[in-house]
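Annotated in TrEMBL:
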type	residues	note
DOMAIN	A:94-284	domain 'ABC transmembrane type-1'
TRANSMEM	A:35-57	transmembrane segment
TRANSMEM	A:98-119	transmembrane segment
TRANSMEM	A:131-153	transmembrane segment
TRANSMEM	A:165-185	transmembrane segment
TRANSMEM	A:206-231	transmembrane segment
TRANSMEM	A:262-283	transmembrane segment
Amino acid sequence: MTTARTKPLASTSNQAAIKEGRHAAFMNTAARRRLGLTVLGWTIAGVIFFPIFWMVLTGFKTEAAAIAEPSLIFSPTLESYTAVHGRADYFKFAMNSVVVAFGSTLLALLIAIPSAYSMAFLPTKRTKGTLLWMLSTKMLPPVGVLVPIYLLFRDVGLLDTRTGLIIVYTLMNLPIVVWMLYTFFKDLPKDILEAGRMDGASTLQEVLFLLLPLTLPGIASTGLLSVILSWNEAFWSLNLTSSNAAPLTAYIASFSSPEGLFWAKLSAASTMAIAPILVFGWLTQKQMVRGLTFGAVK
Amino acid sequence: MSTVTTSTRPVDAAPGRTAAARLQAWLPRLVLSPSIAISLFFVYGFMLWTFILSLTNSRMLPSYEFVGFAQYARLMENERWWVAATNLGIFGGLFVIICLGLGLLLAILLDQRIRQEGALRTIYLYPMALSFIVTGVVWKWLLNPGLGIQAMVRGWGFESFTFDWLIDPKMSVYTLVIAAVWQASGFVMALFLAGLRGIDDSIIKAAQLDGAGLPRIYWRVVIPCLRPVVFSAVMILSHIAIKSFDLVVALTGGGPGYSSDLPATFMYTHAFTRAQIGLGSASAMLMLGGVLAILIPYLYSELRSRKHG
């Protein structure tokens, strides 16, 4: 069947090529090459997305189905989701994640915007060096400061509190946030702020009414990156929280270690933890790509 | 650069308005100082504290009884530490190199102006938006010989297919590489794609006129242009490799045995579950030293060559 169908197609394309000359033949191979590459691209996308897809699928299976022969055909059930919620209050952990991720992002932006402003618009000889130094602190392994922070938090009662996590996440993301904001601010033509100053705007007005509205997309990307990083953070959340302030990452980890064999529940818990990011990320594709690449993609 | 900025801001130099001018000159420093002070205190202050702890015999609680470098000597004799340090070398090296290679190939693919490029880019980047904990969970399932890839391929009729790295002490560290590469190669792709788009078309046109084929153009013309992108990618990737902790916790738990321990998990185990704060601090300091020894020369050589080039 298939051979019979491809033959006439091939001959018509041959006739077309003869009719329209070499140019058409070239276009044809180019189009075919493009089609091949598109198929290849989507195949790779399928491979990359498969683990996520499979996890979401497993969350809708029963425990028995999850460890049976891998199969696409099964009767979906919400059993695991209700079980997960019954064992530990999902919404409490989700709320912790939301508060901590957004709280630390807001705080980081609040501290970073003035820094980035002064670096971008009032540069000195040492600005570049300072910036590089701030970034270089990100290269140092966090285990190097874990023990002191743990001891300090224990002594001042910040262990297992949202406030404690917000502080740590703010510190963690601050260098990246300052640096990204700096690059976005620098892209803004200087004349605009100059003009504002000519009209008698104070520095504060200049920042609030000119700089921030004009660089809003950049600030949004930066904020989104900070939210994602805080949302996903597990090193500090595992080490500094136990039950009260534990965010979703700690929640999944708690499912992972003692009962690693309950795959359906584990998948359901993980799915609930990543669903907000997957959905939100798809809706704000442009901002997400820009944020996750630290502003490299314009 | 600096001459340009001073000339556009004559206020700074005006002698009449000294108070305002002085404020203007100091403002950036004042505004910057909280960020810098915070970084200084938290990064260096706490590292110093860790260093001090590493010289003491602290166990469950920090004590300040100094024992010199005894903890470091103990560490040197600790076989588990060497496993962890070697693992970081294997994991970090393979992770960075494979991510760069795959990322570049994917970027070149997407650069061929194929359809729905935006959607593809987002899907390739998706893993990067996930927590390492989730990545660990997903791959723990896929790499589980009884459930994941091995079971699937066997189900298709290849009964002798074996893929049990997760439970093989010799191979377990490579499972970390697989999961981490899955997570980060799309990110490297996006960086490279942005770099490719930034290359001037006329350079490529010129090479084409000279009769160079596509692979040759990429190898000789395009890739050398991407050197700054490679630099940022290596920096970010090694940062990810160094701080890898959650992935190990979620994927292998350091096992089987301690075959897939990394220095971060080693440090955690000793400082918190085995009540060896002194030893844990010593391992943190050694890790820090190792990172500095490898990254600082690269950082400086790249920045210097960029200044001169």
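From the backbone N, Cα and C atoms, a Cβ is placed for every residue, glycine too.
Owing to the predicted nature of the structure, the values given are computational and were not obtained by experimental measurement.
For the transmembrane segment (A:98-119), the residues of the chain that approach it from at least six positions outside its boundaries are 127, 130-131, 162, 165-167, 169-170, 173-174, 177-178, 181-182, 184-185, 207, 211-212, 219, 222-223, 226-227, 230-231, 245, 247, judged by C-beta separation under 8 angstroms. For the transmembrane segment (A:35-57), same-chain residues at least 6 beyond its ends with a Cβ under 8 Å from one of its own Cβ atoms are 72, 267, 270-271, 274, 278.
When each of A:165-185, A:206-231, A:262-283 is checked for Cβ pairs under 8 Å to the transmembrane segment (A:131-153), A:165-185 comes out on top. Counting residues 6+ beyond its ends, the transmembrane segment (A:262-283) has Cβ neighbours under 8 Å at 52, 55-63, 65-67, 79-81, 83-84, 87, 90, 94, 97, 228, 231-232, 248-249, 251-252, 255-256 in the same chain.
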